Every structure is written in structure tokens, then in C-alpha cells.
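Reading through the C-alpha cells given below for one structure.
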Amino acid sequence: MKLDDASLTLAPLPDVLSHGLVAVSTFGLLSFFCSTSLFAYLTWRLVTWRLKSGANNPPNQFLLLIYNLLLADIQQACAFLLNISALRNNAILVGTPTCWAQGWFVSTGDLASSVFICAIAVHTFLGVVKDYRLPSGAFYCCIAAAWTFVYVMAAIGPILHGKDFYVRASAWCWINAAFSIERLWLHYFWIFVAMFSTILIYTFIFLFLRTSARHSSPSPRVPLLHGATPLMILYPLIYTICTAPLAAGRIVALAGHNVPLSYFVMAGTMIACNGWLDVLLYASTRADIVFSEFPPGEETGLETFAFMGKAHRLGTVTTIEAGNPGERTGSRLAKGRRRNGGSRGGGMGMGREDSVENLYGLDRIGIKGEVTVSVDVAGVNEVRRDGVRRGGVTPGGEGTERSWDARSGKSGTSFET
């Protein structure tokens, strides 16, 4: 097959590529290093957990999805990392093994990354909204089906068109511009399906969490709702910002319009950031699963989220309020001093003991205490999370209500006098 000028070897590189591909390669290298490091760490963890716990305790499903996403990000990073070859040769050489490998990794890496980010969105929807977890057998079948789909889509083109399939495509090697149908239906159609599905799913989860937080009675679950809600914007936002520019540029080129090389350099730099941003995002927001010392439990719901490291694993919060609704005296335990305009001493600051004494000198005393305790007991073979929630307590000790929630792993105590 005779190649057109846009698909032939480009030598020497124009200035826009000789400078722009430096950024693409640099971020590709960063993504490769971050993704490979976390992938190797999780591989070591999974092997050691399996040796200690045996085959009866399957790994956390969300952890395995992150593990597969990292494998996809490694392939995507390899694609843009190979631009170092073009910089070294001052040319994009068509027909070389490097060019073919770059085209292959672009096809598999981009599509696999989109598929597994969409799979994480679906899994998050099931865990957070439906409180449902797939059986292990069905889950493993879904992962196998996802990888089979990715590699079948990538293999169809080379099988049909041979060595002419991966040639220069503007700024790097990818699918020949003459095969526009294959570009659309073997690659970008599915990327856009995954992208819009991910956005819709996280939008629904976001609205669900907002509604639940607004209408939920005070309970240990409410902070979880507020903490997880921002993530439902952050997850699809980062993915869309990184992926959409290159996908949009290819579609515009597919429609017959000219897209400058500078645009592809910018879009390539952004999508090359996918790997290290995924590592940063999921390692920081799902750290309880990713960096667990012991095999994480099977939880995949709200209790596994932590926005910017603000998850509360252990701790006690107690609030005491006293006085009339209009003139209420308050004391926050664990604080040394607090001002009280209606107290003795002419409104001057008072110590903790004076504050407690004053509570008993008021006509109306309202004490509202809220104690939130989360305890994780980790064993070698399993991690158990138990919780107790205690209801209203009267001074006589009557009216005590207890409920057990083994799934949430949170316990709360509230009392009024």
C-alpha cells in the first residue's frame, strides 16, 4: 500500500515536535515510573496476602480494579515514552519495530484505561448506591472479558491490514489515516462510550450522595457522605481533562479538518499524564485499600473513601451545649478555654473547670454529646470491622437503644439530658 505524505517518515523533526515531544516523553516517563512502582507494590502485597491468608479470602475487588487500571496505564505510558526514540533520531521512522510498538500501545493503552475507569465507575455505583458486590466468579469473568475486548479491538487492524496499519499519524505512530473507519469503530467509538458512561454514572452517584446527606438524620454515616461527594466530581473530571482533547482532535481530523501539530503535542502531553494522576488520585482517596498493611476486607462502599486524607479511623468528638436556645453556653471538650458572655466573671474567658461548674448553675441544661469511634481489628488472615451504635440515654439509664452494624465499621454514641 502506498502511503500518503502524512503517513511517511518525518525527518528531521520540525521545531514544534522537537520541543513538544520532550514534554510528551517526560510525562510519559513519569506516568510509567509511578504506575509501575505502584503496580509492583500491589503485586508484592497481593502475593504476600495470598500466602498468609490462603485461597479462601478473595482480594478486595476495588483493589483488583485499580491493579488492572495500573496495567493499562503502564501500556499507555509506554506509548508516549517511545517518543524518546523520535527525539534521539530526530525523526519519526515508519516501518520500524518502535513505530509499530508505539501504535500498538496507543491502541491498547488508551482503550484499556478508558474501559477500566468506566468499570471502576460501575463498581462504585454498585457499592455506594446499591450496596452490592459482585460474586468473585462473576467479577473475574468481567475483568477477563474487559481485557479480551481490548486486545481483540487492537488486533483486528493489524490482522486485516498488516504492516501498513501502524504508521505515522501526525505527531507519533498510530493507525494509518487511510483506515478512518477502523480508527472510529475499533478505538474512539468505545472511548467515547466509556467516557460519557463514566460521566453519567459519577453524576448520578454525586446527586445520590447529595440527596442522602441532605435528608439523612444525624449519624456516623453523614460524614462519609460529605467526604465521598467531592470525589464523584474529581474522578470523571481528571479522566475527561486528560483524554478528551486527543480524542476530540482525532475526530476533527477524521471529519477532514486540518489539526495542527501543536494541538496534538498539547493533547498528547495531557493524556500522557493519565498514569501518574491515576496513581495520585486513587492512592490518596482509597488509601485504606491501596496501602492496607493487612488484606483489606470486602467493603467497597462509602467506608472505603477518604477525601484528601481526611478519613477518621479513630477518634472521639464530644459537644456540650447548655442554656436557653437564644443564649446558649457551650463547651467543646479538648479545648482549654472558651468565652461565655453570660457567665460569671464579667464575660472574661474561663477555664475548663469553671465552665463545667457553670453548666449546673443554669436553669435549663441541654447536653448533647456525640462520640464517634471507629476501630479496625486486623488479623493475619482477615480484617474484621465491627461497630456499635447507641441511641438516646436518659439520666436514669432508661430508653437505651442499641443497633449493630457490622458492614459500616463505624460506631456512634449520642446522648441528651
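From the backbone N, Cα and C atoms, a Cβ is placed for every residue, glycine too.
TrEMBL does not curate its annotations; it predicts them automatically.
According to TrEMBL, the features are:
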TRANSMEM  20-42  transmembrane segment
TRANSMEM  62-84  transmembrane segment
DOMAIN    65-212  domain 'Glucose receptor Git3-like N-terminal'
TRANSMEM  104-126  transmembrane segment
TRANSMEM  138-160  transmembrane segment
TRANSMEM  188-209  transmembrane segment
TRANSMEM  230-255  transmembrane segment
TRANSMEM  261-283  transmembrane segment
REGION    320-352  region 'Disordered'
REGION    387-417  region 'Disordered'
COMPBIAS  399-408  compositional bias 'Basic and acidic residues'
For the domain 'Glucose receptor Git3-like N-terminal' (65-212), the number of residues DSSP places in helix, strand and coil: 118 helix, 9 strand, 21 coil
Distal contacts, the transmembrane segment (188-209) - CB-CB under 8 A, six or more residues away: 110-111, 114-115, 117-118, 121-122, 124-125, 128-129, 153, 225, 228-229, 232-233, 235-236, 239-240, 243-244, 247, 250-251, 254
Beyond the flanks of the transmembrane segment (138-160) by 6 or more, those residues with Cβ under 8 Å of it: 61, 64-65, 68, 72, 104, 107-108, 111-112, 115-116, 119, 166, 175, 179, 182, 186-187, 190
